[in-house]
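Trainee: This is the structure, below, for whatever I ask next.
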Amino acid sequence: MPKLMEAGLSAKGKTFALIASRFNDFITDRLVSGAVDALVRNGAADKDIHLVKVPGAFEIPLLAKKMAEKGEYDAIVCLGAVIRGSTPHFDYVCAEVSKGIAQVSLEFSVPVIFGIVTTDTIEQAIERAGTKAGNKGWNAAVSAVEMANLMEVVTRA
């Protein structure tokens, strides 16, 4: 039987950075609320949750890198909403943001969670920010807690 390494969902004593896009703030504000709620419900103190707002989703990876460089965060949660329009801009932004977030996580060995809602319509984005499809900010924050704890488990193993 293999040894299973698992981690709990306690955020107590951990520090989290939330990076949120101001663009489409009618969506991202709901994602931020969901993320903060998830962190607090899992034991994080308000003082240990740091929120930074950036102009748009494209700017998130750079700020994630800067926050990771500081070495003060157990996990970084990236929140934004990119909604498809009539030009290829959506594809460029989504591709670069997802690559950038993954790159920061790998470079600094810190969980950097992709909480960017990428949808075809405004309605789909609204659904993913707290209505029919749950709140992806909440989901991203829970992933951040689990990954922060799992990093500790694996480091100690």
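Glycine is no exception: its Cβ is also placed from the backbone N, Cα and C atoms.
This is the feature table in Swiss-Prot:
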type	residues	note
BINDING	Phe23, Ala57, Phe58, Glu59, Ala81, Val82, Ile83, Phe114	5-amino-6-(D-ribitylamino)uracil binding site
BINDING	Ser86, Thr87, Arg128	(2S)-2-hydroxy-3-oxobutyl phosphate binding site
ACT_SITE	His89	active site, proton donor
Trainee: Measuring CA to CA, name the entry from the recorded positions Thr87, His89, Arg128 that ends up nearest Ala81 (5-amino-6-(D-ribitylamino)uracil binding site).
Mentor: Arg128
Trainee: Whole-number Å only: compute the distance from the Cα of Phe23 (5-amino-6-(D-ribitylamino)uracil binding site) to the Cα of the residue listed as 'active site, proton donor'.
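Mentor: So the alpha carbons of Phe23 (5-amino-6-(D-ribitylamino)uracil binding site) and the residue listed as 'active site, proton donor' sit roughly 14 Å from each other.
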Trainee: In whole Å, how far is Arg128 ((2S)-2-hydroxy-3-oxobutyl phosphate binding site) from Val82 (5-amino-6-(D-ribitylamino)uracil binding site) when you measure between their Cα atoms?
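Mentor: That comes out at 12 Å between the alpha carbons.
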Trainee: Give the sequence-ordered list of residues that share a chain with Phe58 (5-amino-6-(D-ribitylamino)uracil binding site), lie 6 or more positions from it, and have CB atoms under 8 Å from its CB.
Mentor: Val93, Glu96, Val97
Trainee: If I take the alpha carbons of Arg128 ((2S)-2-hydroxy-3-oxobutyl phosphate binding site) and Phe114 (5-amino-6-(D-ribitylamino)uracil binding site), what is the distance between them in whole Å?
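Mentor: About 14 Å separates the two Cα atoms.
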Trainee: How long is the line from the C-alpha of Glu59 (5-amino-6-(D-ribitylamino)uracil binding site) to the C-alpha of His89 (active site, proton donor), rounded to the nearest angstrom?
Mentor: 14
